[in-house]
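Copied from TrEMBL, the annotated features are:
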type	residues	note
DOMAIN	17-125	domain 'DUF7134'
TRANSMEM	20-40	transmembrane segment
TRANSMEM	46-63	transmembrane segment
TRANSMEM	70-86	transmembrane segment
TRANSMEM	92-109	transmembrane segment
TRANSMEM	116-136	transmembrane segment
TRANSMEM	156-178	transmembrane segment
DOMAIN	330-418	domain 'Histidine kinase/HSP90-like ATPase'
């Protein structure tokens with residue numbers, strides 16, 4: 001928060017409290033004036049009209065001490081001067097009122113420069129006045145009779161010193177506590193602002209977390225459903241075509257449909273169990289525990305595709321190295337999505353080649369087909385590619401997709417090796 005910060009005004013309730021406080025000071029001043037007059041504090045006190053004017057001058061303006069602090073401080077200071085200079089019989093409430101006025105200017109002054117200058121001028125003027133009164137007193141033996149004035153350790157010197165010390169503490173306290181209250185209000189406002197910013201940031205983070213969870217759920221559902229439904233679609237079409245002529249082949253296709261349906265239900269059940277138990281959000285439950293699938297199941301995936309009618313070959317190149325469970329699961333899902341796209345977009349007679357390469361520091365999965373390619377296929381919304389990219393980004397992997405120059409389509413994913421396994 002910069003130096004141009006302006007303290008907010010207290011509002012109607014604050015102004016009402018100030019008015020009530022000023023009214024109480026008026027009542028208190030009338031009472032103390034009566035007491036001072038009763039005990040004969042001054043031999044020749046100020047007339048009643050001047051007394052009432054002075055009392056009104058240092059009490060009523062305090063009702064506006066937070067709205068117009070600089071003006072109130074000046075008016076109260078002048079009234080205080082009149083009270084002391086012209087023997088107004090009041091020395092209690094006027095002291096309280098002047099302290100409140102100087103304090104309020106420090107605590108509520110909207111312009112810090114004005115607040116500082118006005119307070120310094122008032123304090124300097126008060127010390128000049130005190131000094132002038134002391135000089136008049138020391139030069140007039142009739143004032144404070146019986147008080148020794150000779151020497152620097154005289155009774156009058158002690159009297160003057162205690163006057164100065166009292167005024168230093170009085171005005172210094174009003175100045176200091178006013179500044180501290182302003183600084184405290186500024187810190188409180190800054191803290192409230194930061195708290196509001198943190199609350200807004202938490203709300204944004206919560207919305208982002210929900211959005212990320214939705215994306216993750218959508219990605220899992222897409223991978224599970226798209227793969228198995230595409231297999232069921234291919235086998236259902238095959239069963240329909242051969243049912244009149246080859247009931248045994250149709251029965252085999254229906255068996256594969258049943259197998260794919262059960263596998264899809266099983267994976268959906270695992271996904272729902274994970275979501276219900278909160279395993280993805282548990283601090284000591286890694287996300288890779290959500291599935292036991294990995295690169296070890298690529299051969300099984302290839303066999304499923306072959307059973308669904310899409311010829312698939314699997315080649316493992318290089319010496320196998322361990323990968324993290326999450327990286328292995330990611331490669332499995334990429335291969336699953338790539339083979340699903342082959343069945344959906346490459347054509348009925350397309351075949352696919354799947355290669356798993358163990359390179360220096362990385363593992364690369366490549367799936368190619370000899371079909372018509374994605375660019376000639378109809379349907380689809382690109383959700384599969386988006387899901388693959390998101391999965392690979394989570395494991396610091398890369399993805400390359402696109403049609404091949406000699407026909408067909410290429411999907412190449414690369415993930416880093418597990419550092420412990422690579423060493």
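Note: Cβ is positioned from N, Cα and C throughout, glycine not excepted.
Because the structure is a prediction, the values reported are computed rather than measured.
In terms of DSSP secondary structure, the domain 'DUF7134' (17-125) contains 87 helix, 0 strand, 22 coil. Between the transmembrane segment (46-63) and the stretches 20-40, 70-86, 116-136, 156-178, Cβ pairs under 8 Å are most numerous for 70-86. Among the listed stretches 20-40, 116-136, 156-178, the one sharing the most Cβ pairs under 8 Å with the transmembrane segment (70-86) is 116-136. As a summary of secondary structure, the domain 'Histidine kinase/HSP90-like ATPase' (330-418) carries 31 helix, 29 strand, 29 coil according to DSSP.
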